[in-house]
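The block underneath contains the structure these notes are about, expressed in structure tokens.
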Amino acid sequence: MTTLNLSIFPSVKISSSASIPGFIKIQPFLLRRKLSTVLSVTARDEGIIHNHFDFTSYMIGKANAVNEALDSAVSLREPIKIHEAIRYSLLARGKRVRPVLCIAACELVGGEESVALPAACAVEMIHTMSLIHDDLPCMDNDDLRRGKPTNHKVFGEDVAVLAGDALISFAFEHLATSTAVSPARVVRAIGELAKAIGSKGLVAGQVVDLTSGGMDQNDVGLEVLEFIHVHKTAVLLEAATVLGAIVGGGSDEEVEKLRRFARCIGLLFQVVDDILDVTKSSEELGKTAGKDLIADKLTYPKLMGLEKSKDFADKLLSDAHEQLHGFDSSRVKPLLALANYIAKRQN
């Protein structure tokens, strides 16, 4: 029997307390279709979010700001092929949840969008790197991402690996040189992002995910599954939110409350992803549906069943909302709506 020893990793618990795309702005009708469910939920969310908050417009505005900044940060230059590969994935149409979380957290603690944009872009660069590498034949071996052929299918495995590597470098360079706040805040933000993606974060989640595939579910319990998802998925949403709070000048108490919020929605994001993987088509998801089932990977529906997985998602959403109590009622609306969006998204 194969067992996984997680004792070498720090415990992270959820607290209940080949055409190259040019830059294209996201048009309102594209997001309105995706966010229609969220808006209806937002309007009735226990009175916390009032229905006059236009979440669709907020997401469109922030996503376009991020896309413009990314397009400017990673221009097409020599060597052409590697920059084509980077831009192919980085500028592909995505929801931009992580950078928007970063901006929303910054604004919540009193910062400005312009201050948060470098950190938001750095997080999206890291996220894109993780997608490129995750899709490789030696990892998840996927052919479709964001409705398009995966990077290695277009540019080859060798260039795809290098594109991901370059994005890591770009992310830290951009965060270090473009963030207009005190050096102390920049250093703190760099440390948070580095910790999130290394062998105590994203890499840890990925390696345990790889080694647990095909194992009998009686040998691998929810503790292992939570470890994978907290480290592989939640950790980067946490980093995005915490970076926004740091560069925005948040207090230590505000940063930690937002950290707990982000851990909840980060795990929620993956629980919902697991549910969608078995309930939606590839066309609806923009990526290969049912791939976790085919690969015999651990998922929440596999271990808990579909209905209990949905109940767990509801609990995580409630816990996330709880962490935002005490913040300014107007400035907190985007984060509350983002949590609802993550819970109710359809792709």
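Placed from the backbone N, Cα and C atoms, the Cβ positions cover glycine too.
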Given Swiss-Prot lists LYS95, ARG98, HIS127 for isopentenyl diphosphate, the same-site residue among ARG77, ARG87, ARG146: ARG146
Coarse DSSP state, helix versus strand versus coil, of ARG145 (dimethylallyl diphosphate binding site): strand
Three-class DSSP secondary structure - LYS297 (dimethylallyl diphosphate binding site): coil
Cα separation, THR233 (dimethylallyl diphosphate binding site) to ARG98 (isopentenyl diphosphate binding site) (Å, whole number): 11
Other C-beta atoms that fall within 10 angstroms of the C-beta of ASP140 (Mg(2+) 1 binding site): 20
Beyond the site residues LYS95, ARG98, HIS127, ARG146: chain residues whose C-beta lies within 8 Å of the centroid, for isopentenyl diphosphate: GLY94, ARG96, VAL97, GLU124, THR128, LEU131
Cβ packing number for LYS297 (dimethylallyl diphosphate binding site), 10 Å threshold: 20
